[in-house]
C-alpha cells in the first residue's frame, strides 16, 4: 500500500507540506477551497483549473523513484501479491509494473470518458487536448471528457472492492509506504490483513496504531521511503540488482536523475526535483 510519500523524491509534492504541498500551490487558481479542483460538481461548472493543473501533473513529466523500482523487483521475484496505490502519477506503470498487479484506488490518466454519454477516449487524445490548452469535449455529444481519476463524489474503481478479500488472504507481509493512512476508504485496507500478517509502516511521520508501545505486531519505520528500500535491498542482498535496474530503466528518461545508491554511502547523490511546479500525486478522498 502506497501514498504520495513514495513519489516526493521525484519532485511531486504531497498535499499538506506547508509551502510546497499541492494545497498551497493551488492558491494561484483562486479556488473557493483548494480541494474544489477535485470536486466533481465544481469541475463540471469550471473545468479550466483542473486541466491547467493536469498539464503539469500529466504522466511523463516525472520519472520513477527507487521505491517504484523496488516494487517492480518484488514482482519479478514473485513476491508481490498486489500493489495498492493512492497515487495518480502513473510512476508504477513507468517503472514497468504490470497493470494486472496494480489497484489504482484513486484512478488513472490512462483512460478517459465523457461525463455525459460515457464514450471512451484514448490517453493520446486526452494528452493532445491538455497540452494544446483545449478543454476536452466529446466528439459525439460535446460533453466534458474527464480522465478516470476519482474525484470527490465519484465511486472507487471496481478492483478496489473486488480484490482485497482474496489478496490479503495470501499476504504474509504488508508494506505500507508514504501514507499517513488518513484517507478513507483506502486506509481501511490495513484492516484486511490476517492476524498473523506482519505490517510494516514506512513514512516520515508515525501513526499511533503502528507506533504504540503495546503493539507487538507491527514495525514503524520513521524516515525517507527511498532510504528504507535501500536498507531493505541491502539486507536482502538485492542492492546490486536494484542499482542495475534503475540504471537500465533510467536510460529511457532524459531527466531528472534518481538516486542510484543508499544514503549511507552516497549522501551527495540525492535525487533532484524535476521542477518546482504544483503537482498532484494522489487524490485525497473524504471519509
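Positions of Cβ are set from backbone N, Cα and C atoms, glycine also.
If you draw a 10 Å sphere around the CB of residue 106 (active site, proton acceptor), it holds 25 other CB atoms from the protein chains shown. According to DSSP, residue 106 (active site, proton acceptor) sits in a coil region rather than a helix or strand. Annotation comment: TrEMBL describes 106 as active site, proton acceptor.
Sequence annotations record features per position, and here TrEMBL assigns NAD(+) binding site to 4-8, 14-16, 86-89, 179-180, 225. DSSP assigns residue 88 (NAD(+) binding site) to coil in the three-state reduction, placing it in neither a helix nor a strand. Cβ neighbours within 10 Å of residue 88 (NAD(+) binding site), excluding its own Cβ and spanning all shown chains: 24.
Taking all protein chains in view, 20 other C-beta atoms sit within 10 angstroms of the C-beta of residue 114 (Zn(2+) binding site). The Zn(2+) binding site annotation in TrEMBL covers 114, 117, 138, 141.
Annotation comment: TrEMBL describes 253-275 as compositional bias 'Basic and acidic residues'.
TrEMBL lists 276-287 with the feature compositional bias 'Polar residues'.
Feature annotation from TrEMBL assigns domain 'Deacetylase sirtuin-type' to 1-239. Mean pLDDT for the domain 'Deacetylase sirtuin-type' (1-239) in this predicted model: 90.
As annotated by TrEMBL, region 'Disordered' applies to 253-287.
Of all the binding-site residues in the list 4, 86, 88, the shortest Cα-Cα distance to residue 117 (Zn(2+) binding site) is found for 88. Each residue contributes its Cα atom, and for residue 8 (NAD(+) binding site) and residue 106 (active site, proton acceptor) those atoms are 18 Å apart. In the three-state DSSP scheme, residue 114 (Zn(2+) binding site) falls into the strand class. Taking the Cβ of residue 86 (NAD(+) binding site) as centre and 10 Å as the limit, one finds 25 other Cβ atoms among all the protein chains shown. Put plainly, the binding-site residues 4, 6, 117, 138, 141 were compared by Cβ crowding within 10 Å, and the winner is 6.
The shortest Cα-Cα distance from residue 225 (NAD(+) binding site) to any of the recorded positions (106, 114, 141) is found for 106.
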